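Worksheet: one structure, shown below.
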């Protein structure tokens, strides 16, 4: 494991400040653990990024399948980590409260693996159908595919209404597709296939057989989940909620946490935050060449990385 020797990471500091602003005790446990794991691997990468990212060439042709486990928890830089983990905070507070910690952890683990598998299938299909072998070499890292899958779940459990994306009202059920197009249009360096893979995995859960398969695999472990400090409630839709307790027996009120979450988001919905971020990205890319790597970071092929590195040294 290689420890980073970089200077101050502004994105990481902003993420930590927002976590402490909400209060660690107010963040559901699996959401908090997911943030901690991603921050840990950012500070202590298991392998260099080029040996952690997933591509058809590396995973399938070279049988390096451990990349499926490594790629979701590695990020290109501190801003990539910041945008992904702030989005995880927003989704985790809502979904973990509704689904329960154990089921939410099960979802995170399953989605992390499946988004990588679907990404590889999409890249392989694109390479074969379009006769473009470069698709097999595109190497991606980051948690954004899982976040798009969670966004599908969030829209499924809270249907109806409209969101505003780049000034256009979009029905909530189509918000994921609009965000996919908006992010790809405004930041073309992002992994379109990685984000699309997340949406497809989310649809497999809400509209397809994935949830039933997960129910069957969980089986008796989920049905016996009533253990110390948590009260689980089950119905034909799986675990529907839980209640955590402080050590003195007082319940943790995550509903109040969700309301307080508006304080540090300035009362903006996730879509409104996305719109502001995209507009800021457009402005920033129009005024500077050295901005942070955009949301949904995708590693270019090795030759492109070498060319960019040489170009940077030539300019010094």
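Quick reminder: no glycine exception, Cβ is built from N, Cα and C everywhere.
For 144, the entry in Swiss-Prot reads active site, nucleophile, with the evidence type similarity to another entry.
All protein chains considered, the CB of residue 195 (active site) has 29 other CB atoms within 10 Å. Taken from Swiss-Prot, the feature active site applies to 195.
Mean pLDDT for the region 'Ubiquitin-binding domain (UBD)' (269-284) in this predicted model: 50. Sequence annotations record features per position, and here Swiss-Prot assigns region 'Ubiquitin-binding domain (UBD)' to 269-284.
Positions annotated as region 'VCP/p97-interacting motif (VIM)' by Swiss-Prot: 301-316.
Residues or ranges marked as topological domain 'Cytoplasmic' in Swiss-Prot (evidence: sequence analysis): 1-21 (among others).
The topological domain 'Extracellular' feature in Swiss-Prot is assigned to 43-103 (among others). In terms of DSSP helix, strand and coil, the topological domain 'Extracellular' (43-103) has 42 helix, 1 strand, 18 coil.
Residues or ranges marked as topological domain 'Cytoplasmic' by Swiss-Prot on the basis of sequence analysis: 125-137 (among others).
In the topological domain 'Extracellular' (155-182), the DSSP tally of helix, strand and coil residues is 14 helix, 8 strand, 6 coil. As annotated by Swiss-Prot, topological domain 'Extracellular' applies to 155-182 (among others).
Under the heading topological domain 'Cytoplasmic', Swiss-Prot lists 204-316 (among others).
Here Swiss-Prot flags 22-42 (among others) as transmembrane segment.
What Swiss-Prot lists as transmembrane segment is 104-124 (among others), and the listing cites sequence analysis.
Long-range contacts of the transmembrane segment (138-154) within the same chain: residues 38, 49-50, 52-55, 58, 71-76, 80, 84-85, 87-88, 91-92, 94-95, 107-108, 111-112, 114-116, 119, 123, 175-176, 179-180, 190-191, 193-199, 201-203, 205-206, 295-301, each at least 6 residues beyond the stretch ends and with a Cβ under 8 Å from a Cβ of the stretch. The feature transmembrane segment is assigned by Swiss-Prot to 138-154 (among others).
The transmembrane segment annotation in Swiss-Prot covers 183-203 (among others).
Cα of residue 144 (active site, nucleophile) to Cα of residue 195 (active site): a span of 7 Å.
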